[in-house]
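Report on one structure; see the data block that follows.
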Amino acid sequence: MKHFEANFDGLVGPTHNYAGLSFGNVASLNNAAQVANPKAAAKQGLQKAKALADMGMVQGMLAPQERPDLHTLRRIGFNGTDKEVLQKAAEQAPAVLRACCSASSMWTANAATVSPSADTHDGRVHFTPANLVDKLHRSIEPQTTGNILKAIFSDSRYFVHHQHLPEHSSFGDEGAANHTRLCQEYGHAGVEVFVYGQEATNPQAIKPKKFPARQTLEASQAIARLHRLDEDNTVFIQQNPEVIDQGVFHNDVIAVGNRNVLFHHEQAFVDTKAKLAEIRAKLEGDIHFIEVPTAKVSIQDAVKSYLFNTQLLSMSDGKMVIIAPTDCAENPAVKAYLDELLTLDTPIQKVEYFDVKQSMQNGGGPACLRLRVAMNDAELTAINQHVLLNDNLFTRLNAWVDKHYRDRLLPADLADPQLIVESRTALDELTQIMKLGSVYQFQR
Ligand SMILES: NCCC[C@H](NC(=O)CCC(=O)O)C(=O)O
């Protein structure tokens, strides 16, 4: 039986825009109200995904969500026709309207936490959509995320879907962005590392002072229970609150792991020494901790370049490649570090740069754009094959983007009733291309 890691990238939706919605995410705030290019954003994402498929990786795509989210606007009292709902929301609650229009589901690292079958007691792959309660615009994602995941991973012999955690700040859950699985081989039992920002129910525990800690320990523990993991294969680490206050809003902005490598910044965690020792004790065999010192890459450079929001992938020869945003090549300290890294004796032997600037400007790098699902042959065969990226799907999706997407969008355009029509027409067609059935409210 073959085992591998598949990446499922979020297709950028037709309403991609810069609304400055994410307090604590430096790029989102700095680029608020800039002109966005949804067409270019979707194409940049597709290019990156296709390049990985061409490298021999198993690569899938996840459909975007229905935006503007009129269902939520109606739920909070805006009524009438679609056009009237939009108009009233634009007049009376413009910030809420902006939240209901975000294409943020593109960052599928926040879609769910996934535990592969090799780690779970019942030998099935477990999924829990993230509730994303810290941000209004993201808190409206989990239901549809669950629908989309169920439409792809539908075979209950292999896949288990849990409901998202209770929608309260004590259970703030940001999905795979705060979860890394380390293992020797994808098909062997691994250690699942959960990184949380704060312990919500303990007022004495340390937490950031300025920006929110989106992930709680309570949420991480709940996911581990639901996924039927146990103490021997889980490690819970607190993210350093000082770096959260400098813009590291998810752990995947400061650390990334693959197989037996954890690539992280010196300041990423609290109690680093003890926690890395715990990982070493729980994961049998070799393990490489590649720690980047502040003297070489400052937190500010890490946040700006997204050095750690990179994908760390195993190539067919067993060596690893870093999939980095071009922003890393443009940052002198980070570029120098990466050049040096390739000369060192570590499993990382290659760096490839991709332009994902449309996403980066909202604080999402290559790693944010993908959800990892380690699988074996039988599991892969059991999923909906129409979401797997090959030449044919790539061509069809690019043509679909060309047909339906705008190349210019400002927050002020979000009240345009034509945008709903365009968006629904596009998504309806997409569900046919990807054979997803009726996953959206407007189709039900
Ligand atoms: N994993 C990367 C997530 C980035 C995402 N940005 C945003 O939602 C910005 C949207 C805006 O400001 O328009 C977030 O902060 O959750």
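Quick reminder: no glycine exception, Cβ is built from N, Cα and C everywhere.
Heads up, TrEMBL stuff is auto-annotated, nobody curated it.
Copied over from TrEMBL, here are the features:
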- Glu174: active site (ACT_SITE)
- His250: active site (ACT_SITE)
- Cys368: active site, nucleophile (ACT_SITE)
- 19-28, Asn110, 137-138, Arg214, Asp252, Asn362: substrate binding site (BINDING)
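Mapped onto this structure are the features recorded in TrEMBL.
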residue: Ala19; record: substrate binding site; DSSP (3 states): coil
residue: Asn25; record: substrate binding site; DSSP (3 states): coil
residue: Asn110; record: substrate binding site; DSSP (3 states): helix
residue: Glu174; record: active site; DSSP (3 states): coil
residue: His250; record: active site; DSSP (3 states): coil
residue: Cys368; record: active site, nucleophile; DSSP (3 states): coil
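Each of the recorded positions Arg138, His250 was scored by how many other Cβ atoms lie within 10 Å of its Cβ, and the smallest score goes to Arg138. The number of other CB atoms found within 10 A of the CB of Ala19 (substrate binding site), across every protein chain shown, is 26. Glu174 (active site) and His250 (active site) are 8 Å apart (CA-CA, integer value).
In the three-state DSSP reading, Arg138 (substrate binding site) counts as helix. Most Cβ neighbours within 10 Å, among the recorded positions Leu21, Cys368: Cys368 holds that distinction in the structure as shown. Checking each of the recorded positions (Leu21, Asn25, Arg138, Glu174, Asp252) against the residue listed as 'active site, nucleophile', the C-alpha distance stays within 10 Å for Asp252. Sparsest Cβ environment among the binding-site residues Asn25, Asn110 (other Cβ atoms counted within 10 Å): Asn25. For the pair Arg138 (substrate binding site) and Glu174 (active site), the C-alpha distance works out to 10 angstrom. Non-local contacts of Glu174 (active site) by the CB criterion (under 8 A, 6+ apart in sequence, same chain) comprise Asn110, Ala130, Leu132, Asp134, Arg214, Gln215, His250.
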